[in-house]
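Asks: Quick one: the structure is below, and I'll ask about it shortly.
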Amino acid sequence: MKSTTCSTLCPTLGNQLHTNIENDSCFINLQENILILFLKTTIIIMSESFMLSMFSLAMFLGSYLSGLIPLAFSLSETKMRYITVLGAGLLVGTALAVIIPEGVHALYMSELETNQMQIQHEFHADHKVVGRHLNHIDHDVKLDAEHDTKIDSDIKGDALPPAHQHTADRTRELGSEFVHKHSDTTHSAIGVTLILGFVFMLIVDNCGSRIIRHHGSQVLDSSSTVIINKPKATWTATLGLVVHAAADGIALGAASATSRFNVELIVFMAIMLHKAPAAFGLVSFLMSDGVDRKRIRRHLLIFSLAAPLMAIFTFVLLKSRIRDTYSVDSTGLAMLFSAGTFLFVATVHVLPEVQSHYDDRQFRAIELLILIIGCCFPIILSMGHKH
């Protein structure tokens with residue numbers, strides 16, 4: 001009886017042991033794959049995004065230190081308004097003169113590469129058929145001397161044989177067909193992506209305003225340095241600014257994915273001159289709302305980390321294999337989306353808020369000059385850039 005039981009249990013235990021060993025090996029393989037993926041990602045970040053890492057660090061420190069200024073000493077409202085106007089000008093100039101052209105360029109370069117690959121594929125397919133026709137022609141030439149003489153004279157006269165002429169015509173037809181088809185898609189993608197960026201920020205801003213109406217007395221208008229009379233919701237104010245900062249991070253990450261230093265630099269400068277007043281204003285609002293300093297630093301830390309982390313995430317995403325699965329260039333779309341967010345922040349928030357300080361709602365001469373300088377500065381920096 002015992003021998004029968006042992007003979008029954010031994011195979012069962014052996015199967016369980018074999019299954020456990022297989023599960024352990026699968027788990028070990030999974031760990032190895034995750035480790036390899038992590039190492040590859042780290043190598044990519046270290047090798048391809050050194051400047052992005054430096055810009056992200058500078059962006060974090062700049063935002064955090066700017067937010068600490070109200071805790072240390074006060075800065076005049078006039079000077080802060082000048083910085084805000086300059087930042088708004090940089091946002092508009094960067095969006096119109098740098099981000100949109102770079103995004104369009106990235107989209108059309110991707111389209112051109114796709115067209116060339118498809119045309120080459122179709123050309124090689126037709127070339128096989130043409131090759132068979134040419135073999136028949138060569139066979140007839142060897143049998144007929146007069147036909148051979150006629151072909152030689154045609155070639156000397158720079159005339160293509162009918163088979164070659166058919167191939168050239170077919171290549172031109174394919175090129176025209178692909179360019180027309182993909183150009184329509186690219187044209188639509190440019191406008192749609194810009195509008196999506198603008199509408200995204202509009203929805204975020206609208207939802208934030210609706211939520212905070214139910215809470216209390218004051219809230220900071222996002223993307224500005226001015227405290228206005230709105231319901232009390234410190235976390236909602238921080239959340240609104242964090243979303244704006246994350247959109248800025250998308251812009252910097254997409255700019256870094258283009259591997260063009262001057263584009264990265266211009267976008268970084270526009271973001272910093274926009275984020276520094278926002279951090280300053282956030283802390284000023286929290287202080288006026290009676291929030292203790294420890295919580296203020298916590299809010300400021302979250303706001304300061306949003307853009308750098310989103311920039312790194314966007315860069316890694318655009319550099320990964322996911323990008324190859326789409327027919328349009330993800331970098332171009334990300335840049336156009338961020339351009340839409342830039343335009344919203346500058347035109348809907350910052351500029352109207354500065355104008356609202358005056359009864360006639362007009363810029364003063366010095367502010368208008370600063371705004372124009374901010375708009376033109378990205379153009380000056382991008383003049384030496386050639387694709």
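Backbone N, Cα and C define each Cβ position, glycine as well.
Automated prediction, rather than curation, is the source of TrEMBL annotations.
Here the structure is a predicted model, which means the values were calculated and not measured.
Heads up, here are the entries from TrEMBL:
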- 50-75: transmembrane segment (TRANSMEM)
- 82-100: transmembrane segment (TRANSMEM)
- 189-212: transmembrane segment (TRANSMEM)
- 233-254: transmembrane segment (TRANSMEM)
- 266-288: transmembrane segment (TRANSMEM)
- 300-318: transmembrane segment (TRANSMEM)
- 330-351: transmembrane segment (TRANSMEM)
- 363-381: transmembrane segment (TRANSMEM)
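Help me understand the surroundings of these features in the structure.
Replies: Within the chain carrying the transmembrane segment (50-75), a Cβ under 8 angstroms from the stretch's Cβ atoms is held by residues 245, 252-253, 256, 261, 264, 268, 271-272, 275-280, 282-284, 287, 293, 296, 300-301, 303-305, 307-309, 311-312, 315, all 6 or more beyond its ends.
Counting same-chain residues at least six beyond the ends of the transmembrane segment (82-100), those with a Cβ under 8 angstroms from any Cβ of the stretch are 194, 224-225, 251, 255, 263, 266-267, 269-270, 273-274, 276-277, 335-336, 338-339, 342-343, 345-347, 350-351, 353-354, 363, 366-367, 370-379, 382.
Tertiary proximity for the transmembrane segment (300-318) is limited to same-chain residues at least six positions away from its ends with a CB under 8 Å from its CB atoms, namely 41, 44-45, 49, 52-53, 55-57, 59-60, 63-64, 67-68, 238, 241-243, 245-250, 252-254, 256-257, 271, 275, 278-279, 282-283, 330-331, 334.
Counting same-chain residues at least six beyond the ends of the transmembrane segment (330-351), those with a Cβ under 8 angstroms from any Cβ of the stretch are 84-85, 87-89, 91-92, 94-96, 99-100, 102-107, 110, 189-190, 193-202, 205, 221-224, 244, 247-248, 250-251, 253-255, 257-258, 270, 274, 314, 317-318, 322-323, 371.
For the transmembrane segment (363-381), same-chain residues at least 6 beyond its ends with a Cβ under 8 Å from one of its own Cβ atoms are 81-82, 85-94, 96-98, 262, 265-266, 269-270, 273, 351, 354-355.
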